[in-house]
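K.L.:
The following block contains the structure, expressed as structure tokens.
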Amino acid sequence: MSLFNWVSLGFFLYLLSPILSLNGSSDIPSRFLNYAKKEELFDWMVGVRRKIHENPELGFEEFETSKLVRAELDKIGVKYKHPLSVTGVVGFIGSGKPPFVALRADMDALAMQEMVEWEYKSKVPGKMHACGHDSHVAMLLGAAKILQDHREELKGTVVLIFQPAEEGGGGAKKMIDEGALENVNAIFGLHVANKLPIGEVASRHGPLLAGSGFFEAVISGKGGHAAIPQHSIDPILAASNVIVSLQHLVSREADPLDSQVVTVAKFQGGGAFNVIPDSVTIGGTFRAFLKESFMQLKQRIEEVVTGQAAVQRCKAVINFLENEKPFFPPTINDKYLHDYFRIVASDMLGIDKVKDMQPLMGSEDFAFYQEMIPGYFFFIGMQNETHKQLQSPHSPYFEINEDVLPYGAALHASLAARYLLEFQPEVTLPEENDHDEL
């Protein structure tokens with residue numbers, strides 16, 4: 001074989017080396033899980049989670065949570081940028097060079113009173129971590145610890161996104177606007193699942209969660225005495241007709257194979273048994289997987305509210321609250337990242353623990369990241385079948401099985417580390433001159 005051919009073969013093998021090394025990287029998930037289960041690291045994640053749980057903060061108000069995140073990153077030597085989107089933090093581990101892969105955790109709590117009586121119950125009246133975001137932060141910090149302790153294995157850069165205001169505030173969009181995805185090639189995110197057994201994960205490629213929006217309408221009439229309704233214009237009657245008519249948008253106008261939801265969850269009006277009020281306020285949410293279906297629902301909600309109010313001689317003003325609660329796009333998982341996720345999760349948990357799931361009508365602002373770059377969102381189980389059934393997210397009785405923390409931390413870290421090995425930047429070969437010299 002000529003010297004040129006030997007050099008060409010060697011260069012070709014060099015280009016293939018990241019792919020060939022995948023066989024050697026298959027032990028990363030199991031190694032990282034064992035590392036995450038070490039007593040010292042587990043206890044640290046539990047402590048972080050409980051501190052956050054005791055001090056819940058609403059969207060764009062996560063100042064103490066952000067301070068805690070930065071303090072823990074400082075302790076393990078991880079560099080970061082702050083603030084992004086008021087309270088957001090973006091950390092960096094690795095070479096500082098491509099490829100870049102991001103891991104995301106949301107930090108905000110909900111405006112509700114915790115009803116679970118335990119040592120680390122929320123200390124803030126009317127605020128609670130009822131969706132697991134405290135555990136999401138703890139798991140991402142755990143992943144940061146794992147990755148920092150194994151940074152010599154990283155063939156690129158991991159970006160850690162600690163995001164504010166997922167609960168309706170669209171914090172992801174603001175993080176993007178302020179540069180959180182700069183240079184990032186792909187992003188992963190997770191959510192705890194109360195009904196999925198511990199040690200299992202579930203997701204799917206394509207549409208996973210619906211796009212969502214909110215609306216509020218004020219329907220105004222003319223108040224008066226309930227005994228002489230003919231002298232009034234009753235906004236309660238008008239609002240009732242509006243609500244019934246809104247239910248027809250899905251049952252009679254939507255394709256049954258195109259999942260959509262319209263729910264009125266707010267009705268405020270009147271304060272006495274014998275007085276017809278001047279106005280009534282109703283509000284709710286609408287969901288769809290297809291953008292055209294979503295926009296059609298929005299248009300028809302406005303038409304139905306104003307039209308049905310007019311039938312009852314009332315006036316209606318509708319607000320879609322886009323400034324306070326921006327519309328969320330559907331969460332759509334990348335097909336190639338789905339295949340990659342199944343490989344990594346199977347290496348850690350076993351293929352039988354990696355489940356395909358049906359789409360849900362819930363929504364996630366992680367979808368904003370997926371509009372910019374390939375992204376993948378999955379659910380991680382925390383139900384211990386020997387214990388009581390955990391309550392659903394957004395319940396005042398919601399609880400976290402803290403045994404989930406090592407699994408989430410290790411999966412985050414494994415997805416990032418293996419991604420950097422698998423998706424190395426392509427090297428462009430110089431063009432060959434195929435013509436023989438004469």
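Each residue, glycine too, has its Cβ placed from N, Cα and C.
In case it helps, TrEMBL gives these features for our protein:
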BINDING   Cys131, His133, Glu167, His191, His394  Mn(2+) binding site
DOMAIN    211-306  domain 'Peptidase M20 dimerisation'
SIGNAL    1-21  signal peptide
K.L.:
Give the residue from the binding-site residues His133, His191, His394 that has the most other Cβ atoms within 10 Å of its Cβ, counting over every protein chain displayed.
P.N.:
His133
K.L.:
What is the three-state DSSP composition of the domain 'Peptidase M20 dimerisation' (211-306), stated as helix, strand and coil residue counts?
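P.N.:
Here the numbers are 38 helix, 35 strand, 23 coil.
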K.L.:
Can you list, in sequence order, the residues of the same chain other than Cys131, His133, Glu167, His191, His394 whose CB lies within 8 Å of the CB centroid of the Mn(2+) site?
P.N.:
Asp106, Asp108, Leu110, His129, Ala130, Gly132, Glu166, Pro393
K.L.:
I'm checking region-level scores; what's the whole-number mean pLDDT for the domain 'Peptidase M20 dimerisation' (211-306)?
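P.N.:
The average pLDDT of the model in the domain 'Peptidase M20 dimerisation' (211-306) works out to 97.
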K.L.:
Does Cys131 (Mn(2+) binding site) have same-chain partners at least 6 apart in sequence with Cβ under 8 Å from its own Cβ, and which are they?
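P.N.:
Those within reach of Cys131 (Mn(2+) binding site), by Cβ under 8 Å and sequence separation of 6 or more, are Ala109, Leu110, Glu167, Pro393, His394, Phe398.
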K.L.:
Near Glu167 (Mn(2+) binding site), how many other Cβ atoms are within 10 Å of its Cβ?
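P.N.:
If we count other Cβ atoms within 10 Å of Glu167 (Mn(2+) binding site), we arrive at 20.
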